[in-house]
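If you check TrEMBL, you get these features:
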- 1035-1055: compositional bias 'Basic and acidic residues' (COMPBIAS)
- 1062-1072: compositional bias 'Basic and acidic residues' (COMPBIAS)
- 1081-1090: compositional bias 'Basic and acidic residues' (COMPBIAS)
- 1128-1144: compositional bias 'Polar residues' (COMPBIAS)
- 40-128: domain 'Ig-like' (DOMAIN)
- 135-229: domain 'Ig-like' (DOMAIN)
- 261-350: domain 'Ig-like' (DOMAIN)
- 355-442: domain 'Ig-like' (DOMAIN)
- 448-535: domain 'Ig-like' (DOMAIN)
- 539-626: domain 'Ig-like' (DOMAIN)
- 633-728: domain 'Fibronectin type-III' (DOMAIN)
- 730-827: domain 'Fibronectin type-III' (DOMAIN)
- 832-934: domain 'Fibronectin type-III' (DOMAIN)
- 938-1041: domain 'Fibronectin type-III' (DOMAIN)
- 715-742: region 'Disordered' (REGION)
- 1035-1144: region 'Disordered' (REGION)
- 1-29: signal peptide (SIGNAL)
- 1005-1026: transmembrane segment (TRANSMEM)
Amino acid sequence: MQLKIMPKKKCLSAGRVPLILFLCQMISALEVPLDLVQPPTITQQSPKDYIIDPRENIVIQCEAKGKPPPSFSWTRNGTHFDIDKDPLVTMKPGSGTLIINIMSEGKAETYEGIYQCTARNERGAAISNNIVVRPSRSPLWTKEKLEPITLPNGHPLVLPCRPPIGLPPAIIFWMDNSFQRLPQSERVSQGLNGDLYFSNVLPEDTREDYICYARFNHTQTIQQKQPISLKVISVDELNDTIAANLSDTEFYGAKSSRERPPTFLTPEGNASHKEELRGNVLSLECIAEGLPTPLIYWIKEDGTLPANRTFYRNFQKTLQIIQVSEADSGNYQCIAKNALGAIHHTISVTVKAAPYWIMAPRNLVLSPGEDGTLICRANGNPKPRISWLTNGVPIEIAPDDPSRRIDGDTIIFTNVQERSSAVYQCNASNEYGYLLENAFVNVLAELPRILTSANTLYQVIANRPAFLDCAFFGSPLPTIEWFKGAKGSALHEDIYVVHENGTLEIPVAQKDNTGTYTCVARNKLGMAKNEVHLEIKDPTRIIKQPEYAVVQRGSTVSFECKVKHDHTLIATVSWLKDNGELPNDERFTVNKDHLVVTDATDSDGGTYTCVANTTLDAVSASAVLSVVDVPNPPFDLELTNQLEKSVQLSWTPGDDNNSPITKFIIEYEDAMHEAGLWHHQAEVSGTQTTAQLKLSPYVNYSFRVMAENSIGRSLPSEASEQYQTKAAEPDKNPTAVEGLGSEPDNLVITWKPLNGFESNGPDLQYKVSWRQKDGDDEWTSVVVANVSKYIVSGTPTFVPYLIKVQALNVVGFAPEPAVVMGHSGEDLPMVAPGNVRVSVVNSTLAEVHWDPVPLKSIRGHLQGYRIYYWKAQSSSQRNRRHIEKKILTFQGSKTHGMLPGLEPFSHYTLNVRVVNGKGEGPASPDRAFSTPEGVPSAPSSLKIVNPTLDSLTLEWDPPSHPNGILTEYTLKYQPRPGSQITEEAITTVDEAMASRQVDIATQGWFIGLMCAVALLILILLIVCFIRRNKGGKYPVKEKEDAHADPEIQPMKEDDGTFGEYRSLESDAEDHKPLKKGSRTPSDRTVKKEDSDDSLVDYGEGVNGQFNEDGSFIGQYSGKKEKEPAEGNESSEAPSPVNAMNSFV
């Protein structure tokens, strides 16, 4: 399907006016090509109110186009202006612009007047607006003598400006002789009329150079009024001046009457009226005087102020509404209020309107025989009058045209012909102004033509609208059709939109919209067509956007911006800061995807925007950088409300450096007692700027403030002024009062002294008082200074005393102090504990009981009882070392205690003593006790030596801790895996050898070689079994002789031989199996950690290991005990270094 736009024709009836209007709108959208005949059109002209600079040539513009080119003429003040007769006036060639050369001679005032330009050709005449030409004026102030003004403090004042009337009106401002603007505030401000208003004057308003300046922007000149002198007399000066003429009552009454409720300085009265034109700025002003200075508020009666168009100026004394309209008419009320009252003033506002267009007439192109309309509709207040002209002549007196008919604001054309071509002017005017619009009717018969260039290429980003132009012209108005592709495929209406100017719109362009499009324009005279091309491109996207960043001052921050775009387009990436260029600073570095800012400063904070541009689109992404730091120090510290024990501190916060202040820390310095040392005083919220501080007497205070935010704490502020409080009696006494004797006959009283800050006054002293607790003595007192200790001599030993220490200074005493109890010095206890009894609990634990000593004999604070105990030693041991005594202390009044960690089978001796703060008392008589036997430790080592095919020899050292009299050793072994036979051998040792204490720290057995002959294995097992059944005696002598060890020393007791071994069935430790799969090291010594288990256990469900000849291999080793163990009472004689025990 084709898309077609086609205008309607023959629209004459009144009932079809909307259709006619629609047609006219379409036609007016056409631009007549300049190569076709057409009436003149004004394209440029000077403003209606044209103010010129009298120092420059006058240029009055008038430009127009038309075919044939128009000629120009002017009128001045309603009559023809013959420029040829004035040598100073020329017309610009090819233009109607006038140039009046007044710089060489002549005056601008000569050419003041109302000018109008006419552009004319064979098809009609167009006229310009009435241009009112006036030279600007900047007159001087009239000479006047201004008397100095003297006013009492607090009175109102208006300094008049009254600038000369200039053209355009001057801009008014007040300055001093140094050209510095005078400060303005709620109290002092400039009115709309230029006067300077004081709600009340203050002594600081006194000056001699209040100067009003008028600036005339058009001529760039400033005029100055004579300076005004003002002197404000203070209350003290009034007292000197008029006190002689007034009674006290009259004088002070006058002083208090200066405070007064508000009254208006401008406008006057309770009501006024204001008129403003539509579209202008409505400015309403209320300035009031009073003491205190009044504040101004605004309301609109029966309505609300427009939020987006209302602004308050001049400290809310001026209300402005921009783009004012008729709806803004009404009553506005300003209210002036201070602590003594309020007044109001009502301003009635009426909004008038100069004419403004509702529908201005538009150029009309018709073909012969067609119909059309020109519409001229305007509004205003009052409603404007509409008048028509044709070719610059009122239509009433213009030549008659049978094809036109006037119907109020509309001219209706019927069956036009070429002679109907003309330029029509519509004038809408009221008392506030006028509107003038030219519109031509051009009757042409023209073939369609397409004005858009052929084969234009349009490139559009996907998912955006595509607009394909087809600017056309023809008369009659052509219809427009669009086709796609070489075969002219139809365009669907639901996808495409054809606008009245011929443009084809694709609301949402997609990739499949790429292609060639053909625009065809047709009317009854013919047709024209044009091809254009459309390409759809991928949109540019920012796939990695910069992110919000908070960095500390001096840090480095990086923003990332990764862009993806259509590969056929070239993208450029740029960075902006706060919508402007990046600072020209080497700290800013831009590379492919990043913006890096090093050494960030406060000024670097802001919004950073990454902008990616192609020829078709642009995308951007922004991130905010906040440069934070610790706050700047507070400043302007001020002390107010200074009382004896409090003061108010106020300050101004420093810059928070983009991190809100959370709290303020206040510190103080005591310049009198601790100069240079600052102490914490208080903390307040970060929203406060004042603090009420509690003070102590007799302190020379200075304060400083620090601000804290999430980054950290600021530097301290400058110190405040010093403030010294008066002296007072101390409000507290020393603390930590104690009474303890250092000798049996004294009492040492100590206390923690007050610091200088706590002294509250000069000459700090302490009144120290004491008396015996249990006596009737009076208090004994002494006054001391600059000490924290006092010693009372000649006291009884360990007697309770009542003590108190009171502070005092030159002003008086501190409150009554608390009484504490102490004791005079202690002495050593005189009596030993009695009836000491020992109960042995087991081989390592004993319990001791004793009777307590009398309290009086302790002569001090009972701290507990102390038990000394030690083990008895042989004569040889006593020769070698001192007796090692052990001590156990039992706190408090306990009369029994346990002695743990004793050695089994040992003799001990103990005594008990009482302990006080001075030391120990005498010892109780020694008590001896013995511990029973305990389980021995394992043999120290086990070795396998000289293994043969059918035998092996075992050697071991006795246990290091026999813990009793050794009676026998139990040997256990097990064949290699696969055999269920377990063998056991028992050998005994006599009492003489029991003193040899060798700890079998480890157990293990060395695996022998496999015997290749099964028969030999069987024989060996049978032999072992038979020998075991013979009672456990084994011939070890042969093996000892065969494998004699030169290190073995002969036995020194009895006959030097061991007795028979017997099994220790009760020793549970002898029944632990060896670790499965263990191997004997190459030195045939079993490490302790691998040989804790006995041989016997290896026969219980675990196969033994043998060497190749079927022999059992095992070896034990352990550390040798270098000294005999203590406590074996039954073996006084030394034993051999190594006890060798072997079996075959």
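The backbone N, Cα and C atoms fix where each Cβ goes, and this holds for glycine too.
Here the domain 'Ig-like' (539-626) does not lie next to the domain 'Ig-like' (355-442) in space: the count of CB pairs under 8 Å, restricted to residues six or more apart, is fewer than 3. Over the domain 'Ig-like' (135-229) the predicted model carries a mean pLDDT of 92. Of the Cβ pairs linking the domain 'Ig-like' (448-535) with the domain 'Ig-like' (355-442) and spaced 6 or more residues apart, 3 or more are under 8 Å, so the two regions touch.
The listed stretches are 40-128, 633-728, 730-827; of these, 40-128 has the most Cβ pairs under 8 Å to the domain 'Ig-like' (355-442). Residue counts for the region 'Disordered' (715-742) under DSSP, helix first, then strand, then coil, are 0 helix, 8 strand, 20 coil. DSSP labels the residues of the domain 'Ig-like' (448-535) in these numbers: 3 helix, 47 strand, 38 coil.
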